[in-house]
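Enquirer: Below you'll find the structure I mean.
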């Protein structure tokens, strides 16, 4: 954790940052920690229920109960709101501020300007939330300012979470298809006779030569089982996980049409250790946890591979504070929407706890049904396109390049 490092270590890690950058790096570290907790929230809750089912009377598992899990969900919700509404905007305003005109230059002048800008932004956002709530729900428009935490902030976070769920809908199918190429670039592929020499003759640019040299070095160091076993198994594992995600979403679509209990909803008091959240028992629950983490990794791959967000990809020794703050906000939005995303798609039946289950749009059947259909359609289309291009590329490699040898 960055907050545990001394200043000398921070200077070595981020040599382009000054002393005033250290608090902003701490805020970014705190935000990333909240994002990691949001990612692990649902898988750990599912696995905790299975642990209590396996050891129902164990003395060492008495601390693991529904109250603890519900408290963790509420803390993640609280710190997510705090980071998105206050900490990250303050860090950005402090980065861009120079102090008011005529004031003495220094750190405190920048702090004053950042605080004033943050207050103005908070008033603007609260006004927009009040107008939106008045248009959508007349009873919320009559709430007083003292009901800020009870009504308006959860309503604001509901909109932010909906944005995150939409981002996951766009990024995850694309990321699921990109996972094959990304994983393939990290592993040593099986040796194919005749393809390497053709590739060198066709691509004579320096970048391609460097990539070929890198892969040839990896191939020299790799053992036979790494070349011929790891790569096929990794591709089969990715394919199996992706197919399971699509099948579970399709099954959830059928359940939405036949059973009202398939709709995502909030749960105030989780009764852990009573029954498994998977029809296949502990093994099915473990698969659910793996699929949730796999969807998160795929969404990150799709997010940073998208043309809209490629510029946000961090680069070693070449990432400014504004980019770091933008990355922290993006990761927190995606990760905090992951529990809602997973429950909406039917990856798990673990209902949302605390304020995560208070989102108004979760009870709309048409939104949930259309969301599932879009995810299944986009993922299937991306996979079909990926497989088609892969087959075409292999055919060209096998038959088309032989004329150049």
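Cβ from N, Cα, C; glycine included.
Whatever TrEMBL says is automated annotation, not expert-curated.
The model shown is predicted, which means the values in this text are computed figures rather than measured ones.
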Enquirer: In TrEMBL, which of 1-22, 155-176 is labelled transmembrane segment?
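Expert: Among 1-22, 155-176, the range TrEMBL annotates as transmembrane segment is 155-176.
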Enquirer: Let me check one thing: do the transmembrane segment (361-384) and the transmembrane segment (25-48) come into contact, meaning three or more Cβ pairs under 8 Å with sequence separation of at least 6?
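Expert: With fewer than 3 qualifying Cβ pairs, these stretches do not touch.
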Enquirer: At an 8 Å Cβ cut-off, counting only pairs 6 or more apart in sequence, do the transmembrane segment (155-176) and the transmembrane segment (274-303) clear the bar of 3 or more pairs?
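Expert: By the criterion, they touch.
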Enquirer: For the transmembrane segment (274-303), find every same-chain residue at least 6 residues outside the stretch whose CB is under 8 Å from a CB in it, and list them.
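Expert: For the transmembrane segment (274-303), the nonlocal Cβ contacts are 39, 42-43, 46-47, 49-50, 53-54, 167-168, 170-176, 178-179, 182, 241, 244-245, 248, 309, 330-331, 334-335, 338, 341-342, 347-350.
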